[in-house]
Amino acid sequence: MELSIAAGQGTKSTWGTTGGVAAVFIWSMTAPIVASAVGVDPFLYVGLGDGVGALVFIAMWILRRQNPLPELTTVPVWLYLLGVIGIGGHNLTWVAALQQAPPLEATLIIYTWPLLVVILTTISLGQRFRWFHAVAGALGLSGIVALLLGKGLSVGGFHLMPGHFWAVISAVTWAVFSAMAARYPSSSSNFLGVIFGASALINGSVWLFVLGAPPAPDSSILIVALASIFFALAYAMWDFGMKQGNAQLIGVVSFLTPVLTAVYLVALGIAELTPYLVLSLLLVVSGIGVAKYGEKLRPAG
């Protein structure tokens, strides 16, 4: 499958690339938005967000006058379960991490998932582990160490928070799902519509029946509702961009997500950009870059 479409191919390619880049910018605002939506239970947040995502796909099916059922019935049940765990679980632990730890720290930990994807896909696809895989992993780990040092990791100077744990789970969950998806790829984005719907029902049911529907501030609910529309559209724009735009360019831009997140958080006064955080950002982003382009950096001959 061709991964990129020349920029001069026409309006369709330009719009596709624009859509993919826009999705990256929207996703980079996740941390400041979650941090602003104070008092919203993670199950309610994800249930509402994924519910909107499902509605977006339903709207697209209606507008296209498309019946996705024949295609969706060919997808094995275990793949649906994997998708619910991968996407729903990732989103749930992401929100929990951002609510229970400093948002910038949680974001940096979560964005080690591209490094984990490289390692896990290498294993799942039976490929050879290369030098740049090890370098990328070391850079990512160094970024986390730098982050901890910035919090005073010495004798009792640093105390892990629940959000740090959820951030690790979020990164691992998404990496495992991505690695399995690489081995058993879905043929169409319609698959995501079902995943969003199932995740919304599960998380919404837990919030309503298990937790007893804990209340949330009206202002926070409004923030979540409005943000969910844009996040759902971002998934659709990403899919459109990867299929109709310059996928390689979009992939490069996506490496900026944690950097953009840090800029937003600092600009909003939610985080302070200390030297340790700058170092951590540089190490994590460098690790992602090496993981992605290490093959091209190998010595000639």
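Any Cβ shown, glycine's included, is placed from N, Cα and C.
According to TrEMBL, the protein carries these features:
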type     : residues : note
DOMAIN   : 15-148   : domain 'EamA'
TRANSMEM : 20-38    : transmembrane segment
TRANSMEM : 44-63    : transmembrane segment
TRANSMEM : 75-96    : transmembrane segment
TRANSMEM : 108-125  : transmembrane segment
TRANSMEM : 132-153  : transmembrane segment
DOMAIN   : 162-289  : domain 'EamA'
TRANSMEM : 165-184  : transmembrane segment
TRANSMEM : 191-213  : transmembrane segment
TRANSMEM : 219-237  : transmembrane segment
TRANSMEM : 249-270  : transmembrane segment
TRANSMEM : 276-294  : transmembrane segment
Need a quick answer: max count of Cβ pairs under 8 Å to the transmembrane segment (44-63), which of 20-38, 75-96, 219-237, 249-270 is it? 219-237
DSSP assigns the residues of the domain 'EamA' (162-289) as 104 helix, 0 strand, 24 coil
Which one of these stretches, 75-96, 108-125, 132-153, has the most C-beta pairs shorter than 8 Å to the transmembrane segment (20-38)? 75-96
Do any residues, 6 or more residues outside the transmembrane segment (132-153), come within under 8 Å Cβ-to-Cβ of it, and if so which ones? 105, 108-109, 112, 115, 118-119, 122, 274-277, 279-284, 286-288, 290-291, 294-295, 297-298
Integer average pLDDT (0 to 100) for the domain 'EamA' (162-289): 81
